[in-house]
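Data first, discussion second: the structure below is written as structure tokens.
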């Protein structure tokens, strides 16, 4: 799958990022998201595959494109036999976030990316559109920390695993009312807290790399983004655990959420027998082959955002493969048709 789809999915996230970046700093998060979705879908439909969106922009009633269950790729066309040989057909599940951090783009802030993860059919959990408690940590702490441990214990384990003091650690937490106690506990343990308004896929990813200055992600965010984070961290050999959160009193979202029993019933109808299960990243992204790709829209810990110049644009993309055990950083110059850039600089 890596050999067949690696370059294609790079182009998918690149085009989504370029489209969204045109709206960076313009205060219009909806349009930034819309153009990213359109660009990503157009590129996906040019790939020789039969893909199914398992995590996307919502249900078919909620989203006209990249909705859950939508089929994408050349091999989904009515005339697919002209382009796809059945014996070579690649069937995959796709999790997408064409513009993670739409508000970040609208405000011109750091941390927004165009993201997708793919695996063979059935290889990614079809996470419901609810919340998830998350714990992301470096590879050195994998299997040692646990989402049920108090923050102080996990921080001590991470510090020991990285051969440093707790006071050296930085933990990313989403700036939400529900996290006030978590933030207090992290600070009392001696670690530093980096509060973010959006973009916890980017934060989880940063925790999986050495040298980013981020050592953990803790707290509650969206469940679909948790599956995408799990796919990336599984490829990296890093730690990720998640637990679905559906109690309105815990989430404190400020919007309507169904009663607990109603959500539990719906989860069981979708095949999730234990709604309170702790999911390991190998369960959230269980496929034999998992591929993750992200292109920076705005600058982040790992990648620079899209930069425009007279003859085109420049992007930085991260591609991680569980199959080839590789991490690639791809620096791409996109030249407009019929134009030559005035001059290429190394950085």
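Sequential numbering from 1, following the chain as shown.
Cβ from N, Cα, C; glycine included.
Same-site candidate for Mn(2+) 2 binding, as annotated by Swiss-Prot with 97, 100, chosen from 225, 249, 261: 225. Matching 67, 131 to the substrate binding residues that Swiss-Prot gives (100, 101, 102, 176, 177, 178, 198, 199, 200) identifies 131. Here the candidates are the binding-site residues 33, 57, 97, 100, 225, and by Cα distance the one nearest residue 199 (substrate binding site) turns out to be 100. In sequence order, 219, 220, 252 make up the list of same-chain residues 6 or more apart from residue 176 (substrate binding site) whose Cβ falls under 8 Å from its Cβ. DSSP classifies residue 100 (Mn(2+) 2 binding site) as strand under the three-state reduction.
Within 10 Å (C-alpha to C-alpha) of residue 100 (Mn(2+) 2 binding site) lie the following binding-site residues from 33, 57, 178: 33.
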